[in-house]
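Participant: What TrEMBL records for this protein is below:
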- 42-64: transmembrane segment (TRANSMEM)
- 50-359: domain 'K+ potassium transporter integral membrane' (DOMAIN)
- 84-105: transmembrane segment (TRANSMEM)
- 173-192: transmembrane segment (TRANSMEM)
- 212-229: transmembrane segment (TRANSMEM)
- 241-262: transmembrane segment (TRANSMEM)
- 320-343: transmembrane segment (TRANSMEM)
- 355-377: transmembrane segment (TRANSMEM)
- 384-402: transmembrane segment (TRANSMEM)
- 414-435: transmembrane segment (TRANSMEM)
- 447-470: transmembrane segment (TRANSMEM)
- 464-706: domain 'K+ potassium transporter C-terminal' (DOMAIN)
- 490-508: transmembrane segment (TRANSMEM)
Amino acid sequence: MASLSESEGTNRGSMWELDQNLDQPMDEEASRLKNMYREKKFSSLLLLRLAFQSLGVVFGDLGTSPLYVFYNAFPHGVDDEEDVIGALSLIIYTLTLIPLLKYVFVVLRANDNGQGGTFALYSLLCRHAKISTIPNQHKTDEDLTTYSRQTYEENSVGAKIKRWLEAHAYKRNCLLIVVLIGTCTAIGDGILTPAISVLSASGGIKVQNPNMSTDVVVIVSVIILIGLFSMQHYGTDKVGWLFAPIVLLWFILIGSVGALNIHKYKGSVLKAYNPVYIYRYFQRRNSDSWASLGGIMLSITGTEALFADLCHFPVFAIQIAFTLIVFPCLLLAYTGQAAYIIAHKDHVADAFYRSIPGTAVVIVMLVTTFLMVPIMLLVWKSHWILVVTFIVLSLMVEIPYFSACLLKIDQGGWVPLVIATAFFIIMYVWHFCTVKRYEFEMHSKVSMAWILGLGPSLGLVRVPGIGFVYTELASGVPHIFSHFITNLPAIHSVVVFVCVKYLPVYTVPMDERFLVRRIGPKNFHIFRCVARYGYKDLHKKDEDFEKMLFNCLLSFLRLESMMEGYSDSDDFSVPEQRTEGSISNAFLAEKTNNNTMCSNGDLSYSSQDSIVPVQSPLRGNSLLRYSSQASHTVSDELEFLNRCKDAGVVHILGNTIVLARRDSGIIKKIAVNYMYAFMRKICRENSVIFNVPHESLLNVGQIYYI
């Protein structure tokens, strides 16, 4: 029994080593690509033009917030001018600390190669630490031009944080949940904020017409919203040019009116720039002052757009627009309004239209604050004192606003939270089932050496054509392929394992998208192709994915012949595992002769094309060598590949159906069997995404119970 166990262990080690050599990672292929990201440089004139355009896209919500901030801060009117000055002081320093200091000068720098938002922060963290819940990253991905990461010293704070995050799966899951909360609350806020801003702006027509019905205001707002959304399909450039002059004029007007009100009514309102009045405000109003923070917080509605819309404009352009135009005009507008309200205390309700409190906004800000901590430590390698300073200043402002907004949830703040919760459930269920599917693929995959040894046992034959086998795995053989050849013991003359992988980068350049590698000896005609996409890469309908795969295969064969120095030798050798005993049942292969093409041009396949195992005892430092009976030149192989393409191309896709086990709870059954199944049904299938012809599609179904 002991000798038998030792023999099995030896054979298992031999197969493992052979499989590793047959299915090697694509380090060499990836190293040929460019590995340096160069940030785009903009001329001064272009930066000014982009800063002007950003006004029409990024700053709309911030610009319209003066319409409703003071009314929401004092819904029952103003009793004392000290209250107005205290609220103004809060607005001034909120605008200074959150949009200006936190976002414009700090958070905007944490962009993912020009991409902003919560997901961009998460993608940065996934590249700098192994925190992705789907572990499909490889060293070859780091050679992408859009893949930027840092290395750390062993005892640095960044290295310790990295090890802490990677230590347990629950930490990765908690971080993912935080990211999903931030993303979903941003969606909830984004759904309501345009309606609130337009409705508040339209409410201004009731100032001169007090008897006008509210229904008229609502109808006007709906018409404006329809017009605004109908223009979005023209693209950011045209929308920016259209609305930038309007928004610029708006900021100039509200700033000018504010300056006029300061001069006309009471210049003493400028003492609000002294932060002491914030303390007095809370001291005077007690609980009322805390509740009023929900209204004052609306002054920074739209701040997250500074970061989320970063993909449309460079960082410096947004910094210029906010610092030179938006920020000073907002300060003048709020200061002038405060001066007007002090002189006309009974005009608060008439001047501003009541709006829903936009609660999700401060949640997004809190999520951004917490995500910035690992970004500053891992990506920027900032000193811990700077990190602590940033977190303290941010939370000092955001936590009071968050607690104040909780008091207004029953007054309409529940609406964006309900929307965010619905999106969170959808995203989490989708992610949970996707991870389980990937784990199933990983655990059920078979080794390449096993595939190469199936010939005689199953009567495996090679049939004309090319077979593209789609898988989420970048190594090994997917279970669907072994399931397919077990039931139909035949494979195509050329087999390509296609792995479509999504990386934590915003885009993968076209010239770096595909990696191709040969698996086994040349006469096997088995390849692996990894197609890499970023989270913002779109699959266009006019893209011929099949053609791109075939062209990459041809390019690889030409490049391979150049790298080999146009050698005639088709020898294939694998280093032997050094053991004291002999190694049996090593999986080798025998190449075909030159009978792969008949004189009439048709394809024929001899019995020698099968994949066979060879029993061979090996000793010492000898190599497993494969001798070719006949060598193929690169032109012969290219011609053979073209003939296989003419014979037919088949796309083999796995159709894994995920179901909950019978003993699962009712919540899990609803989530997996109904919610996930419905989402899979309404989403585009891979065959549609990659524009696979229906007549060339072969689905291999399997059920996986979780």
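Cβ atoms here come from the backbone N, Cα and C positions, even for glycine.
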Participant: Short question: which residues 6 or more past the ends of the transmembrane segment (414-435) have a Cβ under 8 Å from it?
Facilitator: 133-134, 176-177, 180-181, 183-185, 187-189, 191-192, 356, 358-360, 363, 658, 671-672, 675-676, 679, 706
Participant: Do any residues of this chain, six or more beyond the ends of the transmembrane segment (42-64), have a C-beta under 8 angstroms from a C-beta of it, and if so which?
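Facilitator: Contacts with the transmembrane segment (42-64): 99, 193-194, 197, 200-201, 236-237, 239-248, 250-251, 254, 300-303, 305-306, 309, 312-314, 316-318, 320-322, 325-326, 330.
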Participant: By a Cβ-Cβ criterion of under 8 Å, what residues six or more beyond either terminus of the transmembrane segment (241-262) are in contact with it?
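Facilitator: Distal contacts: 52-57, 59-60, 63, 66, 231, 269-270, 325-326, 328-337, 339-340.
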Participant: Applying the under-8 angstroms CB criterion, which one of 84-105, 173-192, 212-229, 384-402 scores highest with the transmembrane segment (320-343)?
Facilitator: 84-105
Participant: Going through 84-105, 173-192, 212-229 one by one, which has the most CB pairs that fall under 8 Å from the transmembrane segment (384-402)?
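Facilitator: Ranking 84-105, 173-192, 212-229 by Cβ pairs under 8 Å to the transmembrane segment (384-402) puts 84-105 first.
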